[in-house]
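Working notes, structure below.
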């Protein structure tokens, strides 16, 4: 064999070779000179292709291949020859010459660094591959980073630790799309005083040219079970999309046990960072296509998921967007990719961080010919969802921050001035008295025998005119809503059950009333399968029925989540819902461990409800909070513009399953019901869940014999027994005095709730099995 001292060691150049063509020029083998920026751009510029010969792709048999050493310490990179007798290395590397770590001339302890020539720009599929071998103590490492000299930044792309043993093999490192020239750096640090060694060989750059052939529609359609198809990581992002099987974030959508894409759960969340997933350059599209996909956007502080079209030349169009938690469950979305004329384009999914708690998932992307049908869920954030305006006045999509028509201060979706809605100016100049402005949806195709149309609307103060809503089937219109006044300046929710016998459309019609100023606005239009529940009632199986967590930052509050009983490492909760009693049933929940100091809370609010004198709220709750952390509290409050009051509360405790509560409500003016979790300690480990909220505005709590069951803490047992005895004595006395039917009614009435002066407001009524 050959001893180490006999091995051929060759010094790696310390800089790229000088060109005989002069500054900013590179010589071809033929003698022609080309501009330096055209060399190593992954496309042949020299007629003989020689400008791409020394650009990092090399076996090192005929030289350094453009790599040069820029080390300044005790270590440096050099070329080394290995023979077949060096069994130790040929397990990982072919016999021949390779790049190896050598002893340098400097004194500083630091990693050796070798650089490629200036490369790129590159396309999204760009990948570097190399064979490597490392034998080192656990502190040693080999790494690949990418330097962008325009911005002065360096990004780590791959690394491996020594681990105190010998490892190696072939590694594939995505470099992705980079619009500016860049250099790849090889970094290594080991202690060469012992038997440590690091070697690199057979470096290639694959599919890096900018104009890579665009994948077909079939390659953009992807369930991620066998890889990324035609989608690529944008490696200039602040954090990464991860191709995996869940890591505690739940299962994929395709099979329940397969692969999907998620935002790296190990990344620390911070405001304003972004991650992008890209296609390669797509050929100009002559006709629109429909892209459907499944997404998950979950967590008490989660950001925004966007679908964008990037046209060649830099213009970006947001085709679809969702902001804030949508629950730990998969949702389907559709977006029409428009025709692009003669322009090449890319499609991109983008995640923007708004907070630090939550995760994003993406699965089952499908591209089909032709535009998508009517949008079943429209927030107006990205587009008008195909709604067509007609009539005297003009409906327009705008945000308060950029709009030209006076409208709501904030939209309903995001609760901010930047959020979008549809609005029409109903002042008499724009919409004279009696004239109408219509907004008509595309046809909805019924999938079940009953569907629920829900939307949010807002009317200005003064004389806003009227909002009339019609459902049209077979050219026959049926009026489902007519309103001309509204209390306060809140968004209001309306819903109507449709029983379609074919395709149907919804028509929103604004009617002028001759006022000086006014507006009517719409937001968050949804079509769901199944009949609509009563207002503020919800079993949480289809959606959250208008219950939502306010996004106003002044509340300093977190969002409640929406999930099923299948456990997630990040967001635990009951293993069964209350409605179905199964793991597949859904409920609303909150993980109390995220609550911070200073009384930070989690709010869940109903839509605005009309004034009532005697109504009833029933719900089931599940609290799983250790006794010693019982400073946590779940409260029900009634909020109106006149203020708020607590009508029910319970201190945190370890739950014994789902428990029921009944709360009578009254309010002389329009109000909202709010569930609130608060704590005075931090952290408070535990979960709170709600299910089967039932609100009845027509009858009070005393009118129903069937009420939820509540298990009270054992400390209240004695008081409950005494109360039961007293009630029994009253009933016996009443039986002796009169008829049974009258007594039965009186017995129930004697147990109705009255408002208490205690801080808890109303006590809740309970019945045992």
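Yeah, the Cβs are placed from backbone N, Cα and C, and that goes for glycine too.
Within the listed segments 351-370, 371-390, 391-410, 411-430, TrEMBL records region 'Disordered' for the stretch 391-410. Range 721-743 is the one annotated as transmembrane segment, of 698-720, 721-743 (source: TrEMBL). For residue 33 (disulfide bond), the nearest of the disulfide-bonded residues by C-alpha distance turns out to be 46; the candidates were 40, 46, 55. Over the domain 'MAM' (38-210) the predicted model carries a mean pLDDT of 87. Comparing C-alpha positions, residue 46 (disulfide bond) sits nearest to 40 among the disulfide-bonded residues 21, 40, 55.
Residue 28 (disulfide bond) sits 9 Å from residue 21 (disulfide bond), taking the Cα positions as reference. Cβ neighbour count for residue 21 (disulfide bond) (all protein chains, 10 Å cutoff from its Cβ): 16. A separation of roughly 16 Å, to the nearest angstrom, links the Cα atoms of residue 21 (disulfide bond) and residue 40 (disulfide bond). The number of other CB atoms found within 10 A of the CB of residue 46 (disulfide bond), across every protein chain shown, is 20. Mapped onto DSSP classes, the region 'Disordered' (391-410) shows 0 helix, 6 strand, 14 coil.
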